[in-house]
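Going by TrEMBL, these are the annotated features:
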type     : residues  : note
TRANSMEM : B:12-33   : transmembrane segment
DOMAIN   : B:57-259  : domain 'ABC transmembrane type-1'
TRANSMEM : B:61-82   : transmembrane segment
TRANSMEM : B:89-114  : transmembrane segment
TRANSMEM : B:134-158 : transmembrane segment
TRANSMEM : B:194-218 : transmembrane segment
TRANSMEM : B:238-258 : transmembrane segment
Amino acid sequence: MSKGKWRLSNLYLIAVFVILYAPIFYLMFYSFNSGGAMRNFEGFTLEYYGEVFQDTRLLIIVLNTFIIALLSAAISTIIGVMGAIAIHYIRSNRPKGTLLTLNNVLIVSPDVIIGASFLILFTIAGVQLGFVSVLLSHIAFSIPIVVIMVLPKLQEMGGSLLDAARDLGASSWQVLTKVILPYIKPGIFAGFFMALTYSLDDFAVTFFVTGNGFSTLSVEIYSRARQGVSLSINALSTLIFLFTVLLVIGYYFINRRNSRPTGKEVRT
Amino acid sequence: MEARARNLYLVPYVLWIVLFVIAPILLIAYYSFFNVEGQFTFENYAKFFTPVYLRMTLSSFWYAFLITLFSLLVAYPTAYLLTKTKHKALWLLLIILPSWINLLLKAYAFIGLFGTYGFVNTILEVTGIGKKQILFTDFSFVFVSVYIFIPFMILPVYNALEKMNPTLIDAARDLGASPWMTFRRVVFPLTIDGVKAGCMAVFIPALSLFMITRLIAGNRVITLGTAIEQHFLVTQDWGMGATIAVFLIIAMAILMLLTGNRKRGLIDIVKR
């Protein structure tokens, strides 16, 4: 490849990166603007960060968002792992295929359809719209993601390991807790983490099933953004961005720590 | 013993499938046969085939097509160049990172960037082009949507490119193919599965966008998603909303069948 071409391709990549990151840094930059709008930077201020931390309503919403995310990720991980193990042990192809297809329905469905259909479901079932309905729907759309993350690990495991454990006299409970679960742990972590981020990120489904009294961060930002620009949203988004970066770094290290011991286990 | 344990694991999972996968779809279909007063009727379906709704469906597909096309046009070269960089994993992480930021915040950022006194308009003024109305136009809608979907297009294409055997390119070159010929006859056909996966990951959500249409396009663009949201949450005409949802589900199923079958066909060709 000639040198000029190389430079041009680098330029293209850099341009894509600049465009991808520009809006995020634009938001962060103006969160320090004392001018009060996303234009004409007048002076540095932390006023809006103070505003965020004094806004009890907003803080409660942030707390709600995290409670929903952690609870839904934990519950969906449990159900998802059970489902993945069950699917893995179904021997005949037909029911297995049906289950997998049904599993993927919620992954490929647009959020609007999930939200609308859950709204009908909760109304018919008499579930009050609010915390419970949001939690249930977050669990519901996270389960298939967990299954998808865990299944490949189960397939990778192979049968001989289980046969060995059983030959050595392990009960089914021991096989599960001492062999299967440790082996698929990276998949479980990945599934939990994906569920967490899907829940934190969700707007459309929550918007449908949230009702009047309860709100998550995405829904709150939407209703505030519709009223126009307010720099406390910028301050909040800066905080969220930093948190996201921390989360990604954390995930990266969890992944690395997990991949090492499993590698060792396979070898010995 | 084994079977009993398996069935025990299966119970909560199947319960989930019945309650949150099958029941919602059936309910959507059921509700599409009722009007606002709760009477059984086919009028929702009749209404869907009036010019108003057909035009909306058509424009929704058109915008989704444009968004997918532009995402692909930007994402393919990016993915290709990414595979050529030294620290691939790091670059890829950097590309994916913005997709982890809440969608709402990114849309909100564009309200600032594209606003009348925003950054883009300032640049336009300095360069002598002059102020333009950018926010609340078709352009801003497509641009922001493409911005949001690009990482979802880059990932599958990147994976497909990584899987490709690089010696095939050398072979093509040795046999005298020009770079364009190599791309058209070797690289692109071999990565078509990634392209398809990316297009599916973009096209279906693009059909059902509703938040961006409200925040960025200022209700100028009405997609199927916006219409469903409008019927369910604003006018409370659940029947009509469910009817539009039924058509969206059908469109989705057809798309998936089409791409799925083609993929199977490709595998057959490779096997042969």
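Using the three backbone atoms N, Cα and C, a Cβ is placed for every residue, glycine included.
TrEMBL entries are annotated by machine, without manual review.
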Residue numbers, six or more beyond the limits of the transmembrane segment (B:89-114), whose CB comes under 8 Å of its CB atoms: 78, 82, 120-121, 134-135, 140, 143-144, 147-148, 151-152, 154-155, 158, 211-212, 215-216
Maximum Cβ pairs under 8 Å to the transmembrane segment (B:61-82) - stretch from the list B:12-33, B:134-158, B:194-218, B:238-258: B:134-158
Two-stretch contact, the transmembrane segment (B:134-158) and the transmembrane segment (B:12-33), at least three Cβ pairs under 8 Å: no
